[in-house]
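To start, the structure itself, in structure tokens.
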Amino acid sequence: MGLDGPTGNEGVRRRGCSCTKDDFLPEESFKSWDNYVQALQQTPRRFMDRLFTRSLDSTELHEIKARSQHEMKKTLSWWDLIWFGIGAVIGAGIFVLTGLQAREVSGPAVVVSYVVSGISAMLSVFCYTEFAVEIPVAGGSFAYLRVELGDFMAFIAAGNILLEYVIGGAAVARSWTSYFATLCNHKPEDFRIIVHSMSEDYGHLDPIAVVVVCVICVLAVLSTKGSSRFNYIASIIHVIVILFIIIAGFSKADAKNYSDFMPFGIRGVFKSSAVLFFAYVGFDAVSTMAEETKNPARDIPIGLVGSMVITTAAYCLLAVALCLMQPFREINPDAPFSVAFEAVGMSWAKYIVAAGALKGMTTVLLVGAVGQARYLTHIARTHMMPPWLAQVHPKTGTPINATIVMLSATAIIAFFTELDILANLLSISTLFIFILVALALLVRRYYVSGETTTANRNKLVACIVLILASSIAIAAYWGLSDNDDWIAYVFTVPIWFLATLALHVAVPRARNPKLWGVPLVPWLPSASIAINIFLLGSIDGASFARFGIWTVVLLLYYFFFGLHASYDTAKEAAENKMGDGLKKVEEGVKVSSEAQ
């Protein structure tokens, strides 16, 4: 399993083109059954070691990255990242979920829902940006959490990151089929195979979605820069279509449709916000491209923040245009914009809308494919996942193995599962990750191992616990209460505010950002935590049950495989470092004696 010297390099090369056990489980714990049983017996001790072990910036930037043998090519600028961000985000969410939420949950106030979700997403963008500038590696939030919260929390986040991308890709692929059917003058379900013997949620089989995912897979493995060019061209066409929808929609606006602006009350607005957060998913894929960015300190802030501002503005304008064209109760939940133009006498426009939606969904799938493969690559570099997945192809400079595995999973889910199930589960997974990233940023700013005093560390922990507890209390009360009673918020909101204020006043900062930093720390990260937890409180219980099942699966994999593989790898890396140090000392002694 060694990674240094000729032998280690040969071993890494072999993994890229073979499928033996050593390509997947090369660690000492899996060399024999006796070793594995012994490793299982040491699980508690190993778990405590991994729970409290935090990686270093330099480790992620150099040692972990080197395990892929070949470097990813630095070909991207801030311009590429802006278009990647737009391409990654504007897709199925706006073209599908807007109609469903406006009709059944929030009414014309769906625009306010987009604003709330946009604020939450922007706060998360700030947190991601600081990390991506400081630690520009393909691992994204997985790498950030390894550095600040340790291996175990990073793994839990990693599992949800992978779930987020698989589910997000599957949801978009199924929406692609719906709009393709509209473009061909068919109903959204016409191109699906309905199996009546299966559950309603899983019996609408979608072979077109599988074909689309396969085509995206081919594009993603060929070249990152090539994917960028394709995304750039497709996104330009997409933006033109969006401008057309906004202008044409406002030209057919009827102010009477806004007379009942908030028919479902403020609760409906926040319920929609939790689901419509799905529409903002994807921007974190841009942070995974930091390793391929020419100048991360300049390009990543411009790319991430710029694309999110453009996206939020576009969403709000599209939502307003839709609800002004048609009474909210008549909006079609499957293809809302196409049907709305048909209703106002512009039947020809539905083809432009459908084509634009298809372009948008295609770029979302492509950028998602590029991002998810890089996440999996970095996770595999730590051996929490099989190292075979960490290989970067020497010619294309892309992680082919990881791309194929992730998109195969996406195709399988897309073939079976309905969109509403995917959207809710995706929102839980994504919000959970964003909470952890904001929490990690607070730890990064206020805690440095070996420098922060015990008293300050304890104050930091107390403040974070109060921020989390008050945020959870606010969300739980909102989710469980059936009325608009506000008395509990009189206690919970001030606790959140005072905990954040105490962190700002009583705990000295241990570190300042070197290149680019989130403004108004700790207020913005704390607000990000509170808003994301609040949105979680608006998601249905069935989705949390599915999320719980996935978490159990993750823990089983971790305790039986991931824990032991990453433990062995970390220990071997430490031994190699110690050996290199001794070798340098011996060489120094030899040179010194010869000089005498």
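Cβ atoms here come from the backbone N, Cα and C positions, even for glycine.
Note that the structure is predicted; figures quoted are calculated from it, not measured.
Residues or ranges marked as transmembrane segment in TrEMBL: 76-97 (among others).
Taken from TrEMBL, the feature transmembrane segment applies to 109-131 (among others).
Under the heading transmembrane segment, TrEMBL lists 152-173 (among others). Distant neighbours of the transmembrane segment (152-173): 47, 50-51, 91-92, 140-143, 145-146, 206, 209-210, 212-213, 278, 281-282, 284-285, 361, 364-365, 368-369, 371-372, 375-376, 379, 384-385, 406-407, 409-411, 413-414, 417, 419, 422-423, 425-426, 429-430, 432-433, 436, 550-551, 554, 557-558, 562, 566; these residues of the same chain sit at least 6 beyond its ends, with a Cβ under 8 Å from one of its Cβ atoms.
Here TrEMBL flags 205-223 (among others) as transmembrane segment. Within its own chain, the transmembrane segment (205-223) is flanked in space by residues 169-170, 173-174, 176-177, 180, 191-195, 230, 362, 365-366, 369-370, 373, 393, 396-398, 400, 403-404, 407, 410-411, 414-416, which lie at least six positions past its ends and keep a Cβ under 8 Å from the stretch.
The transmembrane segment feature in TrEMBL is assigned to 230-250 (among others).
The transmembrane segment annotation in TrEMBL covers 270-290 (among others).
Annotation comment: TrEMBL describes 397-416 (among others) as transmembrane segment.
Among the features that TrEMBL reports, transmembrane segment is placed at 422-448 (among others).
Look at TrEMBL and you will find 460-480 (among others) tagged as transmembrane segment.
Taken from TrEMBL, the feature transmembrane segment covers 486-503 (among others).
Per TrEMBL, transmembrane segment is recorded for 515-535 (among others).
Secondary structure of the domain 'Cationic amino acid transporter C-terminal' (516-566), assigned with DSSP and counted as helix (H, G, I), strand (E, B) and coil, comes to 40 helix, 0 strand, 11 coil. Annotation source TrEMBL lists domain 'Cationic amino acid transporter C-terminal' at 516-566.
Summarising the annotation, TrEMBL assigns transmembrane segment to 547-567 (among others).
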Residues outside the transmembrane segment (515-535) whose C-beta sits under 8 Å from one of its C-beta atoms, at least 6 past its ends, are 116-117, 119-120, 123-124, 126-127, 129-130, 133-134, 270, 273-274, 277, 297, 300-301, 427, 431, 434-435, 438-439, 441-442, 445-446, 467-468, 470-472, 474-475, 478, 496, 499-500, 503-504, 509
| query | Does the transmembrane segment (270-290) come near the transmembrane segment (422-448), with 3+ Cβ pairs under 8 Å (pairs 6 or more apart)? | reply | yes
Residues outside the transmembrane segment (230-250) whose C-beta sits under 8 Å from one of its C-beta atoms, at least 6 past its ends, are 80, 83-84, 86-87, 90, 219, 314, 317-318, 320-322, 324-325, 337, 340-341, 346, 349, 352-353, 355-357, 359-360, 362-363, 366-367
